[in-house]
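The Zn(2+) 1 binding site annotation in Swiss-Prot covers 328, 331, 350, 354. Residues annotated as zinc finger in Swiss-Prot, with sequence analysis given as evidence: 328-366. Taken from Swiss-Prot, the feature Zn(2+) 2 binding site covers 341, 344, 362, 366.
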């Protein structure tokens with residue numbers, strides 16, 4: 001039975017949040033220290049929000065009825081038909097995406113009264129809608145074996161905490177040699193200056209590349225006297241990058257979202273191959289219909305690609321990669337000792353002979369020669 005989270009109306013305020021968030025930001029932590037700091041933050045958040053969060057097991061055959069019944073519990077004298085019901089996408093994660101459900105009375109009702117506010121629900125509304133009374137969080141797990149690629153899943157305590165945290169800071173990844181390290185931040189510019197120890201007059205190189213619905217921003221000094229960053233070069237696919245490289249996921253101009261170590265590692269292995277293969281196939285483009293109301297009050301149906309669709313693309317490609325990860329790009333035989341292109345680091349061969357025979361085809365797809373050390 002799927003588990004939903006029922007969020008009662010509340011006036012939750014996180015007055016001491018800075019004391020728990022600031023120690024996490026803009027600096028390197030080993031995994032043990034980072035988990036300790038996150039657990040302290042989680043304990044603080046949960047102590048405040050726990051009285052308003054209830055997890056409910058829903059029978060599949062009365063799933064929507066159960067949801068609607070809990071949404072209208074503040075109005076025991078009203079019927080289910082006395083409300084408009086709204087569903088909007090909320091935060092998405094590598095294994096699931098969440099939706100927020102709430103209702104709106106159809107009768108004359110005074111909105112925006114503080115006594116009816118659901119402040120946790122307001123945090124979860126990415127459309128910045130004002131959420132009143134009870135709201136509900138639903139989880140959708142990605143499942144590429146199903147027709148729609150998603151199935152109703154369980155909402156957990158960890159999901160709720162992650163959703164709250166997402167409102168206050170993001171994660172980026174630093175690629176240093178062959179390791180990937182997580183950094184937390186609120187201000188991306190300040191993170192870049194801290195990681196690279198920039199002074200006021202210093203500059204930094206930025207390269208933005210789209211890859212499988214991610215919009216990755218690579219920051220580096222691009223000093224060719226430093227080592228070639230193989231992982232960053234492989235993932236961006238276009239230029240050799242040098243030294244330590246900081247990677248952020250910039251959804252839109254100055255709009256950032258999380259980039260986890262797990263996600264970047266998966267992008268790293270999926271970066272092997274031709275640049276042409278990065279293009280999305282027709283069956284990989286997932287669109288959902290939604291209704292908008294124009295200035296004349298007319299409803300218009302539009303199609304939109306949801307942000308979480310990139311996780312389904314990645315899951316499908318990882319499944320394909322598992323079957324081909326040890327194959328020579330040229331002859332398709334199993335690789336015992338890989339020979340990797342030492343410029344783009346994207347193409348693997350089983351022998352130098354295969355590399356030589358494919359070289360004339362690969363040269364146009366390889367790295368930009370202007371970025372290579374002389």
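Yeah, the Cβs are placed from backbone N, Cα and C, and that goes for glycine too.
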Which of the binding-site residues 341, 344, 362, 366 has its Cα closest in space to the Cα of residue 350 (Zn(2+) 1 binding site)?
341
Summarise the model's confidence over the zinc finger (328-366) as a mean pLDDT value.
94
Taking every protein chain in this structure into account, which of the binding-site residues 341, 344, 350 has the most other Cβ atoms within 10 Å of its Cβ?
344
Rounded to the nearest angstrom, how far is the Cα of residue 328 (Zn(2+) 1 binding site) from the Cα of residue 344 (Zn(2+) 2 binding site)?
16
List the Cα distance (Å, whole number) between residue 331 (Zn(2+) 1 binding site) and residue 362 (Zn(2+) 2 binding site).
14
Express the distance between the Cα positions of residue 328 (Zn(2+) 1 binding site) and residue 341 (Zn(2+) 2 binding site) as a whole number of Å.
12
Nonlocal residues around residue 354 (Zn(2+) 1 binding site), in sequence order (Cβ under 8 Å, 6 or more apart):
328, 329, 330, 331, 339
For Zn(2+) 2, what surrounds 341, 344, 362, 366 with a Cβ no more than 8 Å from their Cβ centroid?
343, 346, 347, 363, 365, 367
Does DSSP give residue 366 (Zn(2+) 2 binding site) helix, strand or coil?
coil
With an 8 Å cut-off on Cβ-Cβ distance and a minimum sequence separation of at least 6, pull the same-chain contacts of residue 366 (Zn(2+) 2 binding site), or say none.
341, 343, 344
Taking every protein chain in this structure into account, which of the binding-site residues 328, 331 has the most other Cβ atoms within 10 Å of its Cβ?
328
Given the recorded Zn(2+) 1 site (328, 331, 350, 354), which additional residues of the same chain have their Cβ within 8 Å of the Cβ centre, ordered by sequence?
329, 330, 332, 333, 335, 349, 351, 353
